[in-house]
């Protein structure tokens, strides 16, 4: 047993230059843990509360001094004396201390920072890598990466409506080879865009953010890049999209406005028709948040139409929340959940969501946020839970590469017992 003797938080910066919370946990044994909390740009309205100061004279109101103070002055005294390996007990104590359904009092960014730092300190205490400490001996599956190589929507300053266009190197034999394939397609895409006279600047998640004429054109240039890199789309590499449709859903009209394509006032059924058409024309294996987070009828229709052959991921739809996920499972909506630790605010609740998804035959995709840091905890979480898939950005920006590099280290450490399932990680659809 090693008890917690001190918890300390500070304000640091994320990849967008905005403040976020870093937490350190100290124990009587000398074991130590540190973690930094990520932040999202497009957020679901049902997410746990990210506490910001709102003081416009500091960081344009985005400071997190209040969250930091909540850790140092309220949470730290409460969990001092806890056994550092009592993750569930510590998380439960913080949830009760907050006392709100959405962690709105202390802030999910305060609570999560402590939750993750505790796990790191516990792993340090028992002398195990984080993935092994959290997942035990069965933690050995490397995730199939979903690489966001074209950014649009709220992640980029361009006229592409959909937020992310991804490549999934499912044909690779190992995680290491999947990274190589992804990097080669990324560099091929840069050349394709350059030759077309398009911008090769990158967005928040490291993908390119060119001013393309339509969402379809984004898919077309990616296909061209896959072929230029020497691979076959629909065989070695598949495509994925995070539509983030809540960002262009008009709540007043109840319709969808694809401004970049000059198409406005689309109904849910028309959006479903559009996705079905795209899936016929391109090897799309995954669509995230195809309809607004509150358009459950639309999600149901999408699931009925293409859910047998396309992974339909709920991000804003489920917000890593077991209550929302249970409702979706009961109603037969989507077939996958995106897992973002800061949407729910503790590791314990994160693992509960992953387990619930798996029991129901849903896939689970561990995900970064658009505002990231050098913290690579989610890489260990993906392996610890054998989630099978990870979404952590493109092949550029250190805040994204940090996760890939950690996964490469884990694969190397696992050696012959490492598993990379590739296409088999999409176990609930027919391909």
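Each residue, glycine too, has its Cβ placed from N, Cα and C.
Per Swiss-Prot, the features are:
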ACT_SITE  205  active site, proton donor
ACT_SITE  340  active site, proton acceptor
BINDING   163, 340, 369, 370, 391  (2R)-2-phosphoglycerate binding site
BINDING   242, 288, 315  Mg(2+) binding site
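What Swiss-Prot annotates, mapped onto the structure for a quick look.
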{"residue": "163", "record": "(2R)-2-phosphoglycerate binding site", "Cβ within 10 Å": "29"}
{"residue": "205", "record": "active site, proton donor", "Cβ within 10 Å": "31"}
{"residue": "242", "record": "Mg(2+) binding site", "Cβ within 10 Å": "28"}
{"residue": "288", "record": "Mg(2+) binding site", "Cβ within 10 Å": "28"}
{"residue": "315", "record": "Mg(2+) binding site", "Cβ within 10 Å": "30"}
{"residue": "340", "record": "active site, proton acceptor", "Cβ within 10 Å": "26"}
{"residue": "369", "record": "(2R)-2-phosphoglycerate binding site", "Cβ within 10 Å": "26"}
{"residue": "370", "record": "(2R)-2-phosphoglycerate binding site", "Cβ within 10 Å": "24"}
{"residue": "391", "record": "(2R)-2-phosphoglycerate binding site", "Cβ within 10 Å": "30"}
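Residue 288 (Mg(2+) binding site) sits 14 Å from residue 369 ((2R)-2-phosphoglycerate binding site), counting Cα to Cα. Secondary structure at residue 205 (active site, proton donor), taken from DSSP and collapsed to helix, strand or coil, is coil.
Close to residue 242 (Mg(2+) binding site), meaning Cα to Cα within 10 A, are the following recorded positions out of 163, 205, 340, 369: 163. Comparing residue 205 (active site, proton donor) with residue 315 (Mg(2+) binding site), their Cα atoms are 17 Å apart once rounded. Cα separation, residue 391 ((2R)-2-phosphoglycerate binding site) to residue 340 (active site, proton acceptor), rounded: 10 Å. The distance from the Cα of residue 163 ((2R)-2-phosphoglycerate binding site) to the Cα of residue 340 (active site, proton acceptor) comes to 17 Å. Other residues of the same chain near the Mg(2+) site, with their Cβ within 8 Å of the Cβ centroid of 242, 288, 315, are 163, 164, 241, 243, 244, 287, 289, 313, 316, 338, 391. Secondary structure from DSSP puts residue 288 (Mg(2+) binding site) in a beta strand.
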